Amino acid sequence: MSTLRRRTKSLTSTVSEASDAVVNTIHWLELPEWQRDNEYILSGYRRVQNHWKGCFHSVYAYLHNETVNIHSHLWGGILFLYLFATVNSTSLISHPTSWTDSVMFSIFLLSAVFCLLASALYHTLTCHSQEVAARCHAFDYSGIVVLTVGSFYPCLYYGFYCEPHLQILYILAISIVGAVAAYIVLNPEYAKPTHRGARTAVFIVLGLCAAVPVTHWALVHGMHKLVTEMGLQWLALSGSLYIFGALLYANRIPERFFPGAFDYFFASHQIFHFCVVLAALAHYTSIKIALDHAYTHISCV
């Protein structure tokens, strides 16, 4: 009898959650114009809340088409926050590191935390109001730029470990390029769905700026050292994941081929989110390889 009651309670809970999702979500055709971003996602949109409580309540209360986007980067951000909190007792403790090593690792890890949590916040609050959604969207874009630039710093630091003038030159250069990219994508004009491709192009070009110092390093030291000393294979994997995810996002693949089929799971934006987390982890692996090599093989003379 108790087993029957438990099953009945579980079924009632499932039906209740499904009912909540239906009541709290609407169809594409019911959306106000400012919420329309992807015409291939047809259902699962949250109603406009106009208050914070409703937005944050939606994170766990019911399933909607932003649920995966929120949780993928919320928990990704928490993971990188954990890595930041433990980096000194794990990655850095094995070598007689200096404060600059700690700074470089911290810049990368905190840039990842900022990017991922800014993204989670944006996807949580996009149903609040038009004004709040626009501000959070800009916050989300700034997070992408911060992560991209923050990823460069440790690579440039260890890549040109014995050439401080080149360290400074490249770090200043990528900082300036990052500022220009931020200026472009934070322009309200680029927030429009029609400029999705242009935004993606700016982010990809910013990431591809890595080709300049990488080519420089390879010409001076050789490709073999680039692999063994800088973990090139992990950098390549990281870049490939970013570009792959960004191209799916820009072209709305796979949902453009099956409108309505990926409203809740496996939409392009969701795949892009997981690509970002995996790419950041691959990048973290590469800078740990660079750190290890800097303290076991490099002797600046």
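Just so you know, glycine gets a Cβ as well, placed from its N, Cα and C.
Caution: TrEMBL annotation is automatic and unverified by curators.
Pulled from TrEMBL:
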| type | residues | note |
| --- | --- | --- |
| BINDING | H123, H269, H273 | Zn(2+) binding site |
| TRANSMEM | 74-93 | transmembrane segment |
| TRANSMEM | 105-126 | transmembrane segment |
| TRANSMEM | 138-160 | transmembrane segment |
| TRANSMEM | 166-186 | transmembrane segment |
| TRANSMEM | 198-219 | transmembrane segment |
| TRANSMEM | 231-250 | transmembrane segment |
| TRANSMEM | 262-284 | transmembrane segment |
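Positions of TrEMBL features highlighted on the structure.
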residue	record	Cβ contacts under 8 Å, 6 or more apart
H123	Zn(2+) binding site	E66, N69, I70, H73
H269	Zn(2+) binding site	N38, N69, Y249
H273	Zn(2+) binding site	V68, N69, S72, H73, G76, S119, G245
Residues within 8 Å of the H123, H269, H273 Cβ centre (excluding the Zn(2+) site residues themselves): E66, V68, N69, I70, S72, H73, S119, Q270, F272
Contact call for the transmembrane segment (262-284) against the transmembrane segment (198-219), three or more Cβ pairs under 8 Å: no
Within-chain partners of the transmembrane segment (198-219) [C-beta distance under 8 Å, separation at least 6 from its ends]: 141, 144-145, 148-149, 152, 155-156, 159-160, 166, 170, 174, 177-178, 181, 184-185, 190, 226, 230, 232, 235, 239, 242-243, 246-247, 249-250
